[in-house]
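Feature annotations, reproduced from Swiss-Prot:
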type	residues	note
BINDING	Cys7, Cys10, Cys44, Cys45	Zn(2+) binding site
Amino acid sequence: MIIPMRCFTCGRPLAQYWEEFRSRVEGGEDPRKVLDELGVKRYCCRKTLLAHVPAIYEVRKFKRVL
């Protein structure tokens with residue numbers, strides 16, 4: 001839902017890469033090349049960034065029920 005702060009598997013901090021990764025991929029660059037240039041080498045970290053879906057915009061449309 002929110003940006004991944006750390007890799008779910010190894011715990012490496014990833015939040016500092018998210019904005020640049022997202023903007024470059026939305027600009028049409030190859031995600032593989034972007035991750036290589038950012039220095040994200042571990043496959044678990046790459047998976048965490050590639051698989052993230054920013055669903056917070058969809059979820060916040062719903063009314064909060066307690």
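Including glycine, each Cβ sits where the backbone N, Cα and C put it.
All protein chains considered, the CB of Cys7 (Zn(2+) binding site) has 18 other CB atoms within 10 Å. Taking the mean position of the Cβ atoms of Cys7, Cys10, Cys44, Cys45 as the Zn(2+) site, the remaining same-chain residues with a Cβ inside 8 Å of that point are Arg6, Phe8, Thr9, Gly11, Arg12, Leu14, Arg42, Tyr43, Arg46, Lys47, Thr48. In terms of local Cβ density within 10 Å, Cys45 ranks first among the binding-site residues Cys10, Cys44, Cys45.
Cys7 (Zn(2+) binding site) falls within neither a helix nor a strand when secondary structure is assigned with DSSP, and so counts as coil.
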